[in-house]
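Here is what TrEMBL says about this protein:
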DOMAIN    1-353  domain 'SAM-dependent MTase RsmB/NOP-type'
BINDING   Cys107, Ala108, Ala109, Pro110, Gly111, Ser112, Lys113, Asp138, Asp165, Asp191  S-adenosyl-L-methionine binding site
ACT_SITE  Cys244  active site, nucleophile
REGION    358-425  region 'Disordered'
COMPBIAS  379-388  compositional bias 'Polar residues'
COMPBIAS  630-655  compositional bias 'Basic and acidic residues'
REGION    630-718  region 'Disordered'
COMPBIAS  704-718  compositional bias 'Basic and acidic residues'
Amino acid sequence: LRVSLSCSHAKEILHCLKEKYFKELQDLEVDGQKVEMPQSLSWYPEELAWHTNLSRKILRKSPQLEKFHQFLVSETECGNISRQEAVSMIPPLLLNVNPHHKILDMCAAPGSKTAQLIEMLHADMNVPFPKGFVIANDVDNKRCYLLVHQAKRLNSPCIMVVNHDASSIPNLQIDVDGRKEVLFYDRILCDVPCSGDGTMRKNIDVWKKWTTQNSLQLHGLQLRIATRGVEQLAEGGRMVYSTCSLNPIENEAVIASLLEKSQGALELADVSSELPGLKRMPGITKWKVMLKDGQWFEEWKDVPSNRQTQIRPTMFPEKDEEKLKAMHLERCLRILPHHQNTGGFFVAVLIKKSPMPWNKRPPKVHQKLPQRTGDTEVTAANTDNGSECITEEPTLAENEESKKTQELQNSDTEQTKKEGVCGPPPSKKMKLFGFKEDPFVFLPEDDPLFLPIQKFYALDPSFPKVNLLTRTQEGKKRQLYMVSKELRNVLLNNSEKMKVINTGIKVWSRSSDGEQFGCAFRLAQEGIYTLYPFIHARIINVCIEDVKILLTQENPFLSKFSSETQKKVKDMAMGSIVLKYDPDPEKPDELQCPIVLCGWRGKTSLRAFVPKNERLHYLRMMGVEVFKAKRKEEESETKTEEEVQHRLEQTHEGMDVEENDLVTKMEAEIGEESYHSPVESSAMEVENKVEDLDQSSKNVNSHVRQESKDTDTSNVKD
């Protein structure tokens, strides 16, 4: 598990883990076995990553462990903790990310590494909009939504999730001082699809399904993805290539082939001094290739012609000793499972020193499509893959049709850009798979929607309102989202060639009650830490006791709060507010980190609009034991359910055959839809109080036992 670096309460969470939860595990025995204490990963900075051998089964056997487990689940959902394979944390660390870096994660799902990258961008919590951003890509549309879920926990305006094949991800353009330029990334994470044989300790399927064929089939794809990655890397930029495999065909063979065709444009970085404490093995320089039937080959020339489609020349090691030595394959990292009780992993860090030899001439940026060059036609698609190929001359009919289509697309593109609408790409350009996404519509600068918001919250003049967007072109705008200036630039200039799944952080939600109080939009907790620096009105500073009341009571009356808070609220109009807690350095026993909550000032009450898990997080940080209360509640519910079930079963068992016939007869008279047997009623009404259900069962019992035919059917129905 890893404590989020960007979390403003990281130190408090770490302190809570070490001083409370880990201490409770000391000398604890479950089924006669002593529980192993969690250990910090020595190579992870600032003790923010920990490893435990506890299984889910053991976690549920002991109340102390169950409490620890609930803490982990709750904090994970808040984005303050991530549960992740230890070796999976290595690639983002070796990228050396800074807040101004433009980052591409090529094969990002399920998103644990992406989350790490976002955390690094937000290393300085006082900067709401870092200059850098993360574009997280995955080829699988469904896995993209898993990626969105992971990224959303971190509440960042600097993340965009896109859906493309990583081996042909398009070149994006950005506007630089009125000029269109191709976007090159400062950092690229290339965690490619692999056979996964390094996961053999935890993945039982690897033992059943592993064959040498897996790596032979994946090698070509891995090389194409890595090649596309280095094409989009800026000069001086860093790309990390990684797999959870130990097979050299998927690892050193890909890196060696990439280095060879780069002709000196790339070099392997020496990271031996980075991550001290991490046990690693150097990359290998000699290996053989094996077919599924057990045949081994040492050189490409030995491969029979009928096998040359399965085995390719790039799979073999370099035979020229001078070239091999210049590659420095020993700088690759091999993490072996038994060295530090982890999964197996391979990592290589590449630095780009100059443009790739096939990209020496910078890619052209086309303002209008198509462009005529002599008798040939060059389109933007030609520069998308980094190559400089020219399409063959089309026939006259094709030319006319293509011209009309392109003109249509140009007019559409110009229209959408004028309106600040970033919709899905035209179907002619790219086939869409999965769900059709709503467009991203930026608010115009003169949009009347924004003026009441600006006035109500007294927003600072520096507030970047042009970065506000919605997901609807027509009808009422229900949610307002925000992206960083840099991501806005990317969105506006690439909507026709990029399938965006999600971006932006929710900052305001439409409230039906708000319109009568001067502003139709209330603040959203997800974006409050981004918005807070720009808000100058409707802020109430509260003490620690007030925060506890807000987080433990649903809609507390104003009289329950401190006199200072009551005075501040008294003259404030109803509507959305900001509740701010500032720590007191003179009271070290109290929470020593700031808290910002979204709230609502009602007529006679004050409440916080905070999700459940976030409430639990803040209460834990304040030393309030949330587990015990929940435990008692669960026990109470269980006891209630058991008592009701027991009483109703006794009632049901007491019926004789005649009584059952009477029930059947009454059921027919009343109708099946309106009648429920006592046991069915108990299932439906289990959430009610014991006394009510007890009385209900007595009513049913007494009426069933009546022998007269004039039974009060309405009571039976009840």
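Cβ from N, Cα, C; glycine included.
Shown on the structure are the features that TrEMBL records.
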residue : record                               : Cβ contacts under 8 Å, 6 or more apart
Cys107  : S-adenosyl-L-methionine binding site : Asn137, Asp138, Val139, Ala166, Cys190, Asp191, Val192, Pro193, Ile225
Ala109  : S-adenosyl-L-methionine binding site : Asp138, Asp140, Arg143, Cys144, Leu146, Leu147
Gly111  : S-adenosyl-L-methionine binding site : Ala136, Leu146, Leu147, His149, Gln150, Ala151
Lys113  : S-adenosyl-L-methionine binding site : Ser88, Met89, Pro91, Pro92, Asp105, Leu189, Asp191
Asp165  : S-adenosyl-L-methionine binding site : Val139
Cys244  : active site, nucleophile             : Glu85, Val87, Ser88, Cys194, Gly196, Gly198, Thr199, Gly343, Gly344, Phe345, Phe346
*For the domain 'SAM-dependent MTase RsmB/NOP-type' (1-353), what is the mean per-residue pLDDT, to the nearest integer?*
92
*Which value in Å gives the longest Cα to Cα span across the S-adenosyl-L-methionine site residues Cys107, Ala108, Ala109, Pro110, Gly111, Ser112, Lys113, Asp138, Asp165, Asp191 as recorded?*
20
